[in-house]
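Q: Right, I'll just put the structure down here and ask away after.
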Amino acid sequence: MSLTREHLAQEIIDAGRFLYGRGWSPATSSNYSTRLSPTEALLTVSGKHKGQLGLDDVLATDLSGNSLEPGKKPSAETLLHTQLYSWRPEIGAVLHTHSVNATVLSRLTPEDFIDFEDYELQKAFSGVSTHESQVRVPIFDNDQDIARLAAKVQPWLDAHPDCVGYLIRGHGLYTWGARMSDALRQIEAFEFLFECELKTRSLSHRKA
Ligand SMILES: CSC[C@@H](O)[C@@H](O)C(=O)COP(=O)(O)O
Ligand SMILES: [Zn+2]
């Protein structure tokens, strides 16, 4: 049974309250979406405070990122959501957040990826069943031209079908899941790993 638009909108609203409450979506940063149908997404309207979303603060788009609701301005980063729905039909929700740890870690990392290894919490990611695995998270340079950024993300996705999320340097995190609950679980796992990584780097630096 497919979920109604109101139910999906409420999932986005609840996600915003939770993510704002954790400090991972400050002010009007971040954007969230769910799949509305095989060819449509339901996304946050641009510029809204994500801790205070209402039922009217979402809109439907097609998978090319075009608004299907004139009068409502879609998120500036709509294409980064819709490209994921086009990429994998099983993706049902996409979350983008702006945490301090994601921002700092992506700025401190000169490489274009971070590898997480030997963390038990890696098992919170879809498809990962042991800490003896490597979760590679690509880092793309920030770009205000979202079509250009999406064009850089796409080859990575195509070459890494198991990718569970990516960072935009100095900006934030994108992750996704079959359901909103899966995407939220992955956000929490990423935030745990980002904090571990920053603490490990800071303590190793102090010892040296
Ligand atoms: C408050 S600056 C953040 C924005 O530039 C952007 O990165 C963002 O995440 C929110 O944009 P939005 O258009 O509201 O979806
Ligand atoms: Zn953003």
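Backbone N, Cα and C define each Cβ position, glycine as well.
Look at TrEMBL and you will find HIS96, HIS98 tagged as Zn(2+) binding site. Per TrEMBL, the feature domain 'Class II aldolase/adducin N-terminal' maps to 10-198.
Let's see these features in context: how buried, what's close, how far.
A: Within 10 Å of the C-beta of HIS96 (Zn(2+) binding site) we count 27 further C-beta atoms, all protein chains included. When secondary structure is read from DSSP and collapsed to three states, HIS96 (Zn(2+) binding site) falls in the strand class.
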